Amino acid sequence: MNKFPWLTIIVVLPIFAGSLIFFLPHKGNRVIRWYTICICMLELLLTTYAFCYHFQLDDPLIQLVEDYKWINFFDFRWKLGIDGLSLGPVLLTGFITTLATLAAWPVTRDSRLFHFLMLAMYSGQIGSFSSRDLLLFFIMWELELIPVYLLLSMWGGKKRLYSATKFILYTAGGSIFLLMGVLGVGLYGSNEPTLNFETSVNQSYPVALEIIFYIGFLIAFAVKLPILPLHTWLPDTHGEAHYSTCMLLAGILLKMGAYGLIRINMELLPHAHSIFSPWLMVVGTIQIIYAASTSLGQRNLKKRIAYSSVSHMGFILIGIASITDTGLNGAILQIISHGFIGAALFFLAGTSYDRIRLVYLDEMGGVAIPMPKIFTMFSSFSMASLALPGMSGFVAEVLVFLGIITSQKYLLMPKIAITFVMAIGMILTPIYLLSMSRQIFYGYKLFNTPNSYVFDSGPRELFVSISIFIPVIGIGMYPDFVLSLSVDKVEGILSNYFYR
């Protein structure tokens, strides 16, 4: 067990420091903004230091383990730990949240509550990625929903209450299945109930029971990921939320669903995953085509980007269903890659809206001349999203392709069919992304609204965009840096599978 409680500090610090925001002196919003950004920076530096100096990359086992008794009555423990699978998402969470607080600079209404909710969300997300106890995982999963609901319902567009209610109904409905799965896994098997992750991994279940558990967890994670047909909350939510909230939703929240699928469905329930993986493969393939086609018909800029996120999640689903080292590593790389690209696209869409006050693509046009910096960054991230070689999305999608082709679980004809349909999806992606760029930036200036201030991005916005663009290019040029984190853990997970 680790001597110094690094992970406990990393999980508790944001929400504890965030609660002190309400006691800060009333001297305008500047104090609150700087305080929040300093907390996020401190948290990111602490996380980076702990992982650089106390985490061995060549060790696939759980590290920095902390295990404390919490409730003696039913052996509920505060158990945290990090391995190669959760290391990337935790660092991504710290990075995106820090930039999202910087992006939220223009928020002035109830800014104390706004920044507290962002920090509370930060704690819940890091807790979800690092918990090693199933009930603790569930508590952190739920803790993170409340701030998101409040951020959606209080700051956003005209239909924000509708989209926030839809979000909470979907996610709370999914959480019921998650709780049933957690209690089922915890109560089954040994003489005394245990929610310890390591014990549950080594537990064998009857096939019928394992399938029931698998379906419960799958529904919970399918809402978050999202998987068709449980995706309809996402476009509404993204269309109405403030863009700093969108950065956290697209960058981190969706990735929690993918993380849960790998961590619980693949690692705890390998036999059921082997049975369900062909269905996941089919759904992932349909999702790529369906979301790309639907995105093309969206008038609302943020909804179009939201559907592109749904399409990209299809690649993660296919990578997870391929049950190969290459495919699963590609899915994990896509989790990190899309975390950066999705957050950046929503940030740039939001900053464009701040200037021209228009959300519908057919009302825009000719924005490239007055806003060349925003045009350059938006075009660059669009290229990253359509998997241009040299950027992170390309490596992830190629690895997922190779994962399907090399998979021994599937016959040749299904592999050819899935690869062909995925290729069609990859052709549709540039169509909707480039047409979106054309409608916003090219052509004649269509808007003549009196309240539109067309000036280019300032230093703060440029800093946020470039900070996200550097890792996108870095991972594209040298993907081994991210892959080396998870490659040993992926081998460990897949050692339980017959098909490799």
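The backbone N, Cα and C atoms fix where each Cβ goes, glycine too.
Annotated in Swiss-Prot:
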| type | residues | note |
| --- | --- | --- |
| TRANSMEM | 4-24 | transmembrane segment |
| TRANSMEM | 35-55 | transmembrane segment |
| TRANSMEM | 87-107 | transmembrane segment |
| TRANSMEM | 113-130 | transmembrane segment |
| TRANSMEM | 134-154 | transmembrane segment |
| TRANSMEM | 167-187 | transmembrane segment |
| TRANSMEM | 207-227 | transmembrane segment |
| TRANSMEM | 272-292 | transmembrane segment |
| TRANSMEM | 305-325 | transmembrane segment |
| TRANSMEM | 386-406 | transmembrane segment |
| TRANSMEM | 416-436 | transmembrane segment |
| TRANSMEM | 462-482 | transmembrane segment |
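Counting Cβ pairs under 8 Å that are 6 or more residues apart, the transmembrane segment (35-55) and the transmembrane segment (113-130) reach 3 or more and are in contact. Counted over residue pairs 6 or more apart, the CB atoms of the transmembrane segment (272-292) and the transmembrane segment (113-130) come under 8 Å in fewer than three pairs, which marks the two as apart. Counting Cβ pairs closer than 8 Å to the transmembrane segment (4-24), the top stretch among 87-107, 113-130, 134-154, 207-227, 386-406 is 113-130. Below 8 angstroms of C-beta separation, residues 281, 312, 315, 318-319, 322, 324-331, 333-334, 336-338, 340-341, 415, 418-419, 422, 426, 429-430, 433-434, 471-477, 479 of the same chain, each at least six residues beyond the ends of the transmembrane segment (386-406), sit close to that stretch. Distant neighbours of the transmembrane segment (113-130): 7, 10-15, 17-19, 21-22, 32-33, 35-36, 39-40, 43, 47, 80-82, 86, 89-90, 93-94, 97, 100-101, 104, 107, 136-137, 139-141, 143-148, 150-151, 154-155, 244, 248, 252-253, 256, 259; these residues of the same chain sit at least 6 beyond its ends, with a Cβ under 8 Å from one of its Cβ atoms.
Counting residues 6+ beyond its ends, the transmembrane segment (87-107) has Cβ neighbours under 8 Å at 10, 33, 36-37, 40-41, 43-44, 47-48, 51, 55, 114-115, 118, 121-122, 125-126, 129-130, 155, 242-245, 247-248, 251-252, 255-256, 259, 332, 335-336, 339-340, 343, 347, 350, 354, 460-461, 463-464, 467-468, 471, 482, 485-486 in the same chain.
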